[in-house]
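Pulled from TrEMBL, these are the features on record:
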ACT_SITE  Cys338  active site, phosphocysteine intermediate
BINDING   Asn258, Arg259, Ala260, Lys261, Asn276, Ile277, Cys338, Ser339, Asp340, Gly341, Trp342, Asp343, Arg344  substrate binding site
COMPBIAS  539-561  compositional bias 'Polar residues'
DOMAIN    87-501  domain 'Myotubularin phosphatase'
REGION    515-595  region 'Disordered'
Amino acid sequence: LQVPLQLIESVECRDIFQLHLTCKDCKVIRCQFSTFEQCQDWLKRLNNAIRPPSKIEDLFSFAYHAWCMEVYASEKEQHGDLCRPGEHVTSRFKNEVERMGFDMNNAWRISNINEKYKLCGSYPQEIIVPAWITDKELESVASFRSWKRIPAVVYRHQSNGAVISRCGQPEVSWWGWRNADDEHLVQSVAKACASDSRSNSNKLMNGNCSRDFSNGGDLSDVEFDSSISNASGAESLAIQPQKLLILDARSYAAAVANRAKGGGCECPVVFMGMANIHSIRKSFQSLRLLCTQMPDPGNWLSALESTKWLQHLSVLLKSALLVVHAVDRDQRPVLVHCSDGWDRTPQIVALAKLLLDPYYRTTEGFQVLVETEWLDFGHKFADRCGHGENSDDLNERCPVFLQWLDCVHQLQRQFPCSFEFNEAFLVKLVQHTYSCLFGTFLCNNAKERGEKHTQERTCSVWSLLRAANKAFKNLLYSSQSESVLYPVCHVRNLMLWSAVYLPCSSPSTPADDTCAPYPVPGSSPEDQPLGRLPKTRSFDNLTTACDSSVPTTNRRSSDPSLNEKWQEHRRSLELSSLSNPGDDPFDGDSLSKQGRAPVGAELSVAAGVAEGQMENILQEATKDDVGLEEHLRGSLETVGKGDEIALDKKRTENLHG
């Protein structure tokens, strides 16, 4: 198995001859050695290799980029472009302001108060604020917000002008402090929305329509688009702004508890009751433990429920849906925050934008979404993933971004025609969030990435997950699908992400039978290597099995411990996971296909060199795409013909979906 070193969270010696490698993406790998000394030697070597780096240059992404530049020295310009994200990413702020139609003449302005990150180190250098708010007022607001994370506008509804803003919690404390400039800014967001909507409506109608509300007419049932006046200047009619919805991701109890630390919340505010990073980390660890044990079909769903993982996803989806309802249906501006504004806040805001705007459901738009909401606004990837300089504090680690990607996966399942990218795209993104093969997710904020020059010294993950890579295309995608998505958020409608969490979908495929973690058909239990779940070789090579005339082996023949329904359910999960499209850079076979040997002996180096042949990999991936379709079609037909397996109606629908 080839596993990037930074993907490994911990290594333990559970037995005198056995090592347990716990990975950050929920995998657990068990390695058995012939002697105790050998086991201890590898325990020491791996623990030394996976500890957080003392300096960021020790991460493999820097060596990988340098190797790429050396190997492709004669084609440096061409390969340099291949390592970089597209223009849609590098010019995202300007493009987004224009695309969303902000009225920069009357309602909004771009403030450069954070130029060179002099106001807030975890915010972008350019932010959108109401046009009449001065930089001096913003400085005052920054002194009142946690980590100086002031309310900044990040999205505008193109039809009604309602916006989404994000920030850190107000520092109210037990003393009930207030800040007039902060209150003015929050109120101004709603007023700017009304002004923006009116001016855009005037442009749309060329100023030919008017409506008079001076006699006390009710505005509650009137959309902003119809609130048009042909007057101008001081004579223009005042449009009553929609009331701003302030959404606090925390529970009321958590918000009150934060007042003891100098934090707090506004009033009035809607609390969403989302768990903090410590609860999410505990839930994820419980999920990982469950997924690496031998399943008990009779109690497995109740055990899954006890991890509370799907419940946390449900709350997150409901929170985002509340924002969507407010912006799209009620035409209300929304302000979102949690405690500091870099964990639960980007989860809610990015998910709401994904539901509201079809652009973010394209491959390029999704890249812009991740870069803006997660990277520009300072999600602490280094601390949460544990690959930052001296990031030894385990209490700071939490799969926040992985949890959000799981929610995106749930949306893909419910709206299979609405996303341009497929599930394999998300699976790869999970792996490379932790792998440190690319520099995209290094450091805690844009300021640190600028100081370390990661953009110039590492490759971008979007160079792999680019729109031109057919391996990550969703063949069902339709640009004419729903413009706004309204998902079902109940736990019973959510599914475990088998491609990431279950051991049948490992981040790599065994290069040969000798290192296969699953039993070989016909072997006795004593001869079987230690794996987490029994699995026949036929399922490791489904494409080959379907192309040949040899029928695949039914799992019952080599795995009597699982009942028939569980076997078929697992097969359906595998068929739907598509976790390894094309030539996986984690696949040992892909190295031999490229005809080059790995540069060094470490596991991550092998993976790095494999992905280093990026152009060849992407070409091979496109070739495998057609074969993958044929394989899936044949597999589904095989499952449909099996009369010994009884599938309920819902499971059958999911399988064929």
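Any Cβ shown, glycine's included, is placed from N, Cα and C.
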Between Ala260 (substrate binding site) and the residue listed as 'active site, phosphocysteine intermediate', the C-alpha gap once rounded to whole angstrom: 16
Between Cys338 (active site, phosphocysteine intermediate) and Asn258 (substrate binding site): CA-CA distance (Å): 10
Pairwise CA distance, Asn276 (substrate binding site) versus Cys338 (active site, phosphocysteine intermediate), rounded so that it is a whole Å: 9
Greatest C-beta neighbour count within 10 angstroms, which of the binding-site residues Asn258, Asn276: Asn258
Length of the line joining the Cα atoms of Arg344 (substrate binding site) and the residue listed as 'active site, phosphocysteine intermediate', in Å: 6
Tertiary neighbours of the residue listed as 'active site, phosphocysteine intermediate' (same chain, Cβ under 8 Å, six or more apart): Gln169, Asp248, Ala249, Arg250, Met274, Arg344, Thr345
Same chain, 6+ residues apart, C-beta under 8 Å of the C-beta of Asp340 (substrate binding site), given in sequence order: Ser146, Trp147, Arg149, Gly168, Gln169
For the domain 'Myotubularin phosphatase' (87-501), the mean pLDDT of the predicted model: 89
Nonlocal neighbours by CB distance (under 8 Å) for Trp342 (substrate binding site), same chain, sequence gap 6 or more: Ser122, Arg149, Phe377, Gly378, His379, Lys380
